[in-house]
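Novice: Sharing a structure here in structure tokens format.
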Amino acid sequence: MNTYMEQTEQYVLHTYNRFPVVLESGNGVYLKDTDGKEYLDFAAGIAVYALGYHYPGYDEALKSQIDKVMHTSNLYYNVPMGEAAEKLVKASGMSKVFFTNSGAEAIEGAIKAARKYAWLKDGQADHEIIAMNHSFHGRSVGALSVTGNFHYQEAFRPLMGGVKFADFNDIDSVKAQITDKTCAIIMETVQGEGGIYPADPAFLKAVRQICDEKDILLILDEIQCGMGRTGSLYAWQQYGVTPDIMTTAKALGCGVPVGAFVLNEKTAAASLVPGDHGTTYGGNPFACAAVSKVFDLFESEKIVDHVNEIAPYFEEKLEELMKKYDCITARRGKGLMQGLVIGNGVKVGDITKEALNHGLIVISAGSDVLRMVPPLIIEKQHIDEFVQKLSETIDVLTK
Ligand SMILES: *Cc1c(COP(=O)(O)O)cnc(C)c1O
């Protein structure tokens, strides 16, 4: 294991302080390291592996596409792209898809589509975007510009201009930032990295209403909270609110790097056209075969129904943990996107590290939140095992 770690530290740019574990293979909801030690995985590669490792049928679909063709470029049609796009459009009730290779790229595209929409209306190039404090939208310069985290932004200024920040779940603070130049409001339906904060229904409805009144585009970032994690395929589907543009990634390919921004009819009809946006890899046959299979499996295996069946049990167990341990001060979340606020002398970083010794993979969000984003296929027995392993972990840290 040390050899792999040393090699990585010698040759890979040090932008992550990695946990001292080399993960080698996965099976269901378990991962194994190179020493053969097994871990219960409640992080799923940061909300990516919604179907767990080697879900029946998934690998076969990828292998069969590899045998045909993996990449063709966007200069030609390919078979899986249209299929994947149709499934994404029908599942979201939106209109048109642009496939990307990552979440950040989906955000970049959403920003460009919104700016183009506004530019077509008035020919001006001074439009503003309102983003939320404590949001996270990615690390590329455009996505970073709408990420409400000073620490991530500071060294990279000047960033993209025309971005204003408001407080999530505070409609007055959003209203205070609106001008006649505002072209879009961007937010996560459930803030992930910021510490697992779901949008208040009244807040999201009020934002939608202002957007409708002023023809401002609502961009909902579903990169982390989407793909069934909160109990509906997209979290906004529980709010009675539809975005003009949605971004999705992470679990969209369940392990294959792929993202997308998805436009409603109004935005698709008056924004990006040939020449405005492109990507070499985005929407390639391999990635789209994964997306297509993921949608098929979500439907045939009733993954979202399973989330709704299992999540109340998970919440109940988390509440019990909170009662038992002083260091857990609050619980937030929706479905299988849950956070426990850690305090009273215990650091969340100590929990994520110590948990590995007990065969548990769990991650943090923000500075003090333990984040649980397990594969969506977990069963009660896995939740019980999680509770046991997390309890052992906390016992060690608080003894
Ligand atoms: C992870 C994430 C992103 C960025 O996705 P990448 O694939 O890492 O570029 C954007 N928005 C949200 C809400 C995310 O959780």
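Positions of Cβ are set from backbone N, Cα and C atoms, glycine also.
What you see is a predicted model, and the numbers here were worked out from it, not measured in a lab.
Summarising the annotation, TrEMBL assigns pyridoxal 5'-phosphate binding site to GLY103, ALA104, PHE136, ASP221, GLU222, ILE223, GLN224, THR280. The N(2)-acetyl-L-ornithine binding site annotation in TrEMBL covers ARG139, THR279. The N6-(pyridoxal phosphate)lysine annotation in TrEMBL covers LYS250.
Help me picture where these features are in the structure shown.
Specialist: Here the Cβ of ILE223 (pyridoxal 5'-phosphate binding site) has 28 other Cβ atoms within 10 Å, regardless of which shown protein chain they belong to.
The Cβ of ARG139 (N(2)-acetyl-L-ornithine binding site) has 14 other Cβ atoms within 10 Å, all protein chains considered.
The 10 Å shell around the Cβ of LYS250 (N6-(pyridoxal phosphate)lysine) contains 27 further Cβ atoms across the protein chains shown.
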Novice: Can you tell me which of these binding-site residues sit near ligand 1, meaning the Cβ is under 6 Å from at least one of its atoms: GLY103, ASP221, GLN224, THR280?
Specialist: GLY103, ASP221, GLN224
Novice: Want to know which recorded positions, from ARG139, LYS250, THR279, are within 10 Å of GLN224 (pyridoxal 5'-phosphate binding site) at Cα; which are they?
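Specialist: So the list is LYS250.
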Novice: Select the most exposed residue of GLN224, THR279, THR280, where exposure means the fewest other Cβ atoms within 10 Å, treating these as the binding-site residues.
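Specialist: With the binding-site residues GLN224, THR279, THR280, fewest surrounding Cβ atoms within 10 Å: THR280.
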Novice: Counting other Cβ atoms within 10 Å, pick out the least crowded of the binding-site residues GLY103, ALA104, PHE136, ASP221, GLU222.
Specialist: ALA104
Novice: According to DSSP, collapsed to three classes, what secondary structure does LYS250 (N6-(pyridoxal phosphate)lysine) have?
Specialist: helix
Novice: I need the CA-to-CA distance for ILE223 (pyridoxal 5'-phosphate binding site) versus THR279 (N(2)-acetyl-L-ornithine binding site), whole Å please.
Specialist: 19
Novice: Using DSSP and three states only, what is ASP221 (pyridoxal 5'-phosphate binding site)?
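Specialist: Assignment for ASP221 (pyridoxal 5'-phosphate binding site) reads strand.
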